[in-house]
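Listed in Swiss-Prot:
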BINDING   C3, C6, C18, C25  [2Fe-2S] cluster binding site
BINDING   H249, E273, C317, C405, C433, C459, E493, K495  hybrid [4Fe-2O-2S] cluster binding site
MOD_RES   C405  cysteine persulfide
Amino acid sequence: MYCVQCEQTMVTPMGNGCSFGQGMCGKTAETSDLQDLLIACLHSLSAWALKAREHGIINHDADNFAPRAFFATLTNVNFDSNRIVGYAQQAIIYRNELIKAISEVEPNPELNHPLAHIELKGISIDQLAEQAKEFALDTDRAEIGEEVHGVRLLALYGLKGAAAYLEHAYVLGKFDNDLYVEYHGFMAWLGTKPSDLNELLEKSLAIGSMNFKVMAMLDAGETETFGNPVPATVNIRPVKGKCILISGHDLKDLKELLEQTEGKGINVYTHGEMLPAHGYPELKKYKHLVGNYGSGWQNQQKEFARFPGAIVMTSNCLIDPNVGDYADRIFTCNIVGWPGVVHLEKHNFAPVIEKALECDGFPYTELEHYITVGFGRKTLIDASDAVIDLVKAGKLSHVFVIGGCDGDKEERHYYTDLAYALPKDTAVLTLGCGKYRFNKLDFGTIDGGLPRLLDAGQCNDTYSAIMLAVTLSQKLGIGLNELPLSIVLSWFEQKAIIVLLTLLALGVKNVYSGPSKPAFLNDNVMNLLHEKFGLSGLTTPEQDFGHIINK
C-alpha cells in the first residue's frame with residue numbers, strides 16, 4: 001500500500017503516506033492497491049478512447065464510465081474491494097470494445113502507450129491484489145526524485161477531483177465531448193509516467209483550466225435542473241417525527257428521495273455538502289425537507305450514531321459506519337461503497353424508507369435555530385453593484401473567501417478564529433464543508449443590508465465565487481489580483497486540489513492554503529509554487545490577516 005492523497009495521511013520522519021495494513025481513512029491495503037490497478041486500467045481506456053477518436057469513433061458509455069470509476073478512488077468514497085475490481089473489469093471491457101471498433105477501420109491497430117494492453121491477471125481479489133503491486137504510485141519514486149514524484153501526483157489528484165465534477169455534471173444530464181477529449185488526454189498522458197517537472201507543472205495548470213469549464217457545466221446542470229439558488233434560512237434543530245438523513249453532493253438523489261418520501265410522514269434532513277440544497281427553488285419547495293443536521297463529515301460517527309433514522313450517502317465523505325454501530329441503517333448509492341453496507345441501485349430508495357419507518361425518529365421538536373444559505377452565482381452577481389457601492393463608500397474593506405474541505409485536525413480551528421476575528425467592515429464568502437467551522441456563528445450585516453457571511457454552496461461552487469470576482473473586476477476596471485478579495489483555502493482531498501489548480505490556472509495569486517501542506521509536495525515544490533503563484537501556507541490568523549491587508 002502507498003497512498004498519500006489526503007491531508008490525514010501518515011507523515012513520519014521515515015516518509016509520508018499510508019503504507020501499512022490500513023490507511024488513516026480506514027481503507028485497507030488491499031482496497032488501496034486495487035484502486036491503483038483500477039487507475040492503470042483507466043489510463044489504458046483513455047489512451048484507446050483517444051485513438052478511437054482519430055477514426056471518429058466515440059463510445060459514450062466508455063466516456064461516462066471513465067471519470068465515474070476514477071471518482072471511486074477519491075478519498076472516503078469507495079472502500080469495497082469487490083466494487084473496485086468490478087470497475088477495473090469494466091474498464092478493460094470498454095477498452096477492448098474500442099480496440100475492436102478501431103480494428104474494423106484499422107486492422108491490427110497499434111498504440112504506443114505502456115499500458116495499452118494491460119490485462120487483469122486473474123479474477124480473485126487475492127490474484128488481482130498481487131498484480132496491483134506493480135502499479136503502486138511510488139514504483140519509480142527513488143528514480144525520478146521527490147519533486148517530480150510530487151508534481152506528478154499533484155496532476156493525478158487534480159484530475160481525480162475534476163473527474164468527480166465531470167460525474168456530478170453527467171448525472172444532471174450535462175456532457176461535453178470536448179471536455180471528455182481533454183480528460184482522456186490528461187489521463188492517457190499520466191499513464192506514461194511523465195517525468196519532466198516543467199511539463200508536469202504546465203499540465204497541472206491545464207487540468208485546472210479544464211476544470212473551470214467542468215465547473216461551469218456543473219453549475220449549468222444544477223441551476224437548469226433546480227433553479228438558481230436564492231437566500232433561504234435553514235433550521236438546524238431536529239423536528240419531531242420519522243427521519244432520513246442524506247449526505248454527499250448529488251442533488252438529483254435528494255430530489256428523487258424527496259419525491260419518493262412525499263406524503264409518507266418522513267422528514268428529510270441534509271448533511272454536510274447537501275446543505276446548499278435548501279437554497280434551490282425546486283428542492284426547497286418540498287415541505288418535508290425540514291432542515292440540516294450535524295456538522296463536518298469528520299464528526300459523522302458520533303452524529304450518525306445519534307440520528308434516529310435512516311442515512312444515505314450519495315458521494316464522499318464516508319467513514320467506517322461500524323464504529324458508531326449504524327451500519328444497518330446507512331445506505332450507499334452511486335460510486336460510494338463500504339463492505340456489508342446495502343448499496344442502492346437506480347434511485348430506488350424503498351429500503352431507506354422502510355428502515356426510516358422502523359426507526360424511532362426524533363421524539364420532540366427542539367427550539368429552532370436558523371442559518372442562511374443560497375448565495376449562488378446569480379445572487380452574488382446581482383449583488384455586485386451593491387458590493388461596489390459599499391467598497392466605494394468605505395463600508396466594505398475586504399472580502400475573504402474562506403472555504404474548502406473540513407477535517408479533524410485541531411489546527412483547523414484556525415478557520416474559525418480567522419473568520420470570527422475579521423473586522424466588521426469585511427465579509428466572508430464561504431463554500432464547501434469547511435464552512436461548518438463557523439457557519440453557525442452570527443456575523444451580522446454591513447450597513448444593515450449585506451450579510452457578512454455569504455454561503456455560496458458546495459466546493460464546486462467555487463465557480464460562483466470566481467464569477468463574482470470576474471464581475472467585480474470588469475465593473476471596477478481592475479485585475480483579479482487587485483480586488484480587495486483574498487482566498488484562504490481549507491484542503492483535505494482531491495476536490496480541493498483541483499479547486500486550487502483551477503484558481504492558479506486562472507491567474508489568481510496569493511492564495512493561502514492549509515492547515516498543512518500536502519504530504520506529497522516537499523518544501524522545494526512548495527517554495528516553487530510560492531515563487532510562481534504566491535501560494536502560502538498558514539501561520540496564525542492574526543499574522544496572516546495582517547499580511548493580507550498590508551499587501
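Counting begins at 1 with the first residue displayed.
A Cβ is built for glycine as well, from the same backbone N, Cα and C atoms used for every other residue.
Sitting within 8 Å of the Cβ centre of H249, E273, C317, C405, C433, C459, E493, K495, and not among those site residues for hybrid [4Fe-2O-2S] cluster, are the Cβ atoms of G272, W297, N316, G432, Q458, F492, A496. Secondary structure at C459 (hybrid [4Fe-2O-2S] cluster binding site), taken from DSSP and collapsed to helix, strand or coil, is helix. Closest in space to C459 (hybrid [4Fe-2O-2S] cluster binding site), of the binding-site residues given as C3, C6, C18, C25, is C6, taking the CA atom of each residue. When secondary structure is read from DSSP and collapsed to three states, C3 ([2Fe-2S] cluster binding site) falls in the strand class. Sequence-distant neighbours of E273 (hybrid [4Fe-2O-2S] cluster binding site): residues of the same chain at least 6 apart with a C-beta under 8 Å from its C-beta are S247, G248, H249, S315, G432, C433, Q458, C459. You'll find the Cα of C25 ([2Fe-2S] cluster binding site) roughly 10 Å from the Cα of C317 (hybrid [4Fe-2O-2S] cluster binding site). For C18 ([2Fe-2S] cluster binding site), the spatially nearest entry among the binding-site residues C317, C405, E493, K495 is E493, judged by CA separation. The [2Fe-2S] cluster site, placed at the center of the C-beta atoms of C3, C6, C18, C25, has further neighbours from the same chain whose C-beta lies within 8 angstroms: V4, Q5, Q8, T9, G17, G23, M24, K27, S32, T75. Secondary structure at C18 ([2Fe-2S] cluster binding site), taken from DSSP and collapsed to helix, strand or coil, is strand. Using Cα positions, the member of the binding-site residues C317, C405, E493, K495 nearest to C3 ([2Fe-2S] cluster binding site) is identified as E493. For C317 (hybrid [4Fe-2O-2S] cluster binding site) paired with C6 ([2Fe-2S] cluster binding site), the C-alpha to C-alpha distance reads 12 Å. C6 ([2Fe-2S] cluster binding site) has E493 as its nearest neighbour among the binding-site residues C405, E493, K495, going by CA to CA distance. Neighbour counts of Cβ atoms within 10 Å were compared for the binding-site residues C25, C317, and the top value is held by C317. In this view, C405 (hybrid [4Fe-2O-2S] cluster binding site) is surrounded by 28 other Cβ atoms within 10 Å of its Cβ, with every protein chain counted. Same-chain residues at least 6 positions away in sequence with a Cβ under 8 Å from that of E493 (hybrid [4Fe-2O-2S] cluster binding site) are, in sequence order, Q5, C6, E7, L74, T75, N76, G161, N316, C317, C405.
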